[in-house]
């Protein structure tokens with residue numbers, strides 16, 4: 001094995017990652033992760049969008065960057081598939097990942113981080129680092145598109161998960177942990193309440209920015225799924241155009257109204 | 001009107017995007033401080049005479065008196081890195097060190113340690129990760145057990161505890177054992193926990209994460225987990241001439257002696 005030549009196999013951190021790689025070697029229905037061929041400290045993963053949410057049917061791919069001090073310090077998670085919940089290509093804020101090192105525990109693992117990510121997706125973004133506030137429709141659309149998304153190193157991400165069954169049961173500690181994370185998000189929402197309102201207008205501009213990127217990433221293929229995606233795509237564009245048009249009309253109406261009022265005032269007071 | 005609304009919204013969104021930068025700055029600064037500490041102090045230092053403390057307090061009468069008092073009771077001090085893990089690292093080190101010269105006690109300690117994993121798993125800890133820390137912990141204990149020459153064993157212990165990977169694994173496992181002890185005797189320990197946290201919450205927030213500092217409750221539980229007692233010598237700005245000593249648990253015959261200065265533990269030798 002080339003890995004044993006490259007890494008100090010006696011180091012507990014390396015041993016731990018090898019052990020985790022063995023544990024996660026078989027894909028499950030919900031998640032799959034494995035280290036890159038040439039780097040034990042960078043992994044790629046795929047998670048399935050949680051059923052019953054706007055991410056249902058989506059397959060999201062990303063990178064996990066492990067600090068040299070892992071597991072003493074938390075892994076960093078970066079999503080690559082556009083999803084409408086987290087920014088892509090940016091370290092995301094999860095109470096168990098890199099941006100909150102104080103609450104990470106060495107007895108958690110990459111598996112814990114992935115389960116937390118899945119559990120965290122449907123929670124409110126509320127202006128936390130790397131979060132996006134897309135509408136449910138936009139997210140559903142992105143979920144459908146995500147099955148065609150391809151990673152340059154791993155290929156089509158959705159094919160990395162098994163079709164059904166096979167995910168190991170959660171241990172008692174894991175399920176209580178996942179509840180903890182949801183709670184944490186809740187607290188964050190309350191604290192950052194004042195920002196939420198002001199942020200309201202940004203999704204439309206973000207959609208505008210994201211859109212060309214999303215379209216580039218859809219793989220041109222002849223199957224019929226694609227045509228439905230294209231129509232949906234134009235729908236999305238339409239809705240953005242419509243909000244822009246609405247704004248323009250509002251300005252015109254205000255202008256006309258103020259002119260009329262001005263004229264009225266002139267009529268009343270000066271003549 | 002419309003223009004005005006738009007400019008305010010852009011400044012607001014600027015503020016929002018600048019928040020993560022703030023966070024990142026704080027994190028960067030924190031890492032910088034951690035790096036300075038780790039560059040200047042080894043994880044576990046060499047034996048030094050008590051008088052070496054005088055250099056730290058050359059113009060501080062209150063402390064100088066106390067160092068003098070300490071020097072009458074103890075011969076040496078062994079410093080540990082102040083990274084929030086100092087109690088666990090110091091305690092684990094000092095406990096193993098004293099056992100090295102008592103073969104029988106060491107074997108008994110080894111036997112109890114061997115059984116500890118099953119106890120933790122039965123308490124609901126994740127088997128997969130507990131096993132990881134347990135394996136390394138036992139690997140170290142086994143290696144030390146098999147060294148006949150006492151000097152060599154001491155040297156091995158010192159090297160192991162100064163290798164970040166192994167040293168941290170020893171700390172994590174002692175943290176897990178402490179957490180296990182707290183949860184096993186929840187009824188007793190719950191009286192000492194402030195706020196409306198459960199013992200399990202407390203363990204998740206204050207015991208199991210690395211770099212979390214230790215309080216009385218950690219020490220008492222850690223002593224119970226390793227079946228031994230600690231004497232903590234408190235050295236602070238109090239006006240009395242001598243340091244105060246506390247035996248934990250109360251009334252025990254302490255086997256490990258630690259020096260406590262606000263926020264930090266070092267090992268003491270008689």
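Glycine is treated like the rest: Cβ placed from N, Cα and C.
Fair warning: this is a prediction, and the values are worked out from it, not measured in the lab.
Per TrEMBL, the feature active site maps to B:83, B:264. Under the heading active site, nucleophile, TrEMBL lists B:86. Under the heading domain 'OTU', TrEMBL lists B:75-270. Marked as region 'Disordered' by TrEMBL: B:1-21. Annotation source TrEMBL lists site 'Interacts with free ubiquitin' at B:220, B:234, B:236, B:260, B:265.
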Checklist entry - Quick one: what's DSSP say for residue B:236 (site 'Interacts with free ubiquitin'), helix, strand or coil? => result coil
Next on the checklist: Using only C-alpha positions, which one of B:83, B:86, B:220, B:260, B:264 is spatially nearest residue B:234 (site 'Interacts with free ubiquitin')? These are the recorded positions in the record.
Outcome noted: B:260
Item to check | Whole-number mean of pLDDT values that fall within the domain 'OTU' (B:75-270) | outcome: 90
Item to check | Integer Å distance between the CA atoms belonging to the residue listed as 'active site, nucleophile' and residue B:220 (site 'Interacts with free ubiquitin') | outcome: 15
Checklist entry - Say you check the Cα of residue B:265 (site 'Interacts with free ubiquitin') against those of the recorded positions B:83, B:86, B:236; which is nearest? => result B:86
Item to check | residue B:86 (active site, nucleophile) versus recorded positions B:236, B:260, B:264 - nearest by Cα | outcome: B:264
Checklist entry - Where's the emptiest Cβ shell within 10 Å among the recorded positions B:86, B:220? => result B:220
Checklist outcome for this item: For residue B:83 (active site), the closest of the recorded positions by C-alpha position, picking from B:236, B:260, B:264, is B:264
Checklist entry - Long-range same-chain neighbours of residue B:260 (site 'Interacts with free ubiquitin'), Cβ under 8 Å, sequence gap at least 6? => result B:232, B:233, B:234, B:235
Checklist entry - Rounded to the nearest angstrom, how far is the Cα of residue B:264 (active site) from the Cα of residue B:236 (site 'Interacts with free ubiquitin')? => result 11
Item to check | Per-residue Cβ crowding (10 Å cut-off), top of recorded positions B:234, B:236, B:264, B:265 | outcome: B:265
Next on the checklist: For a quick check of packing: other C-beta atoms within 10 Å of the C-beta of residue B:83 (active site), how many?
Outcome noted: 18
Checklist entry - So, in DSSP terms, is residue B:260 (site 'Interacts with free ubiquitin') helix, strand, or coil? => result strand
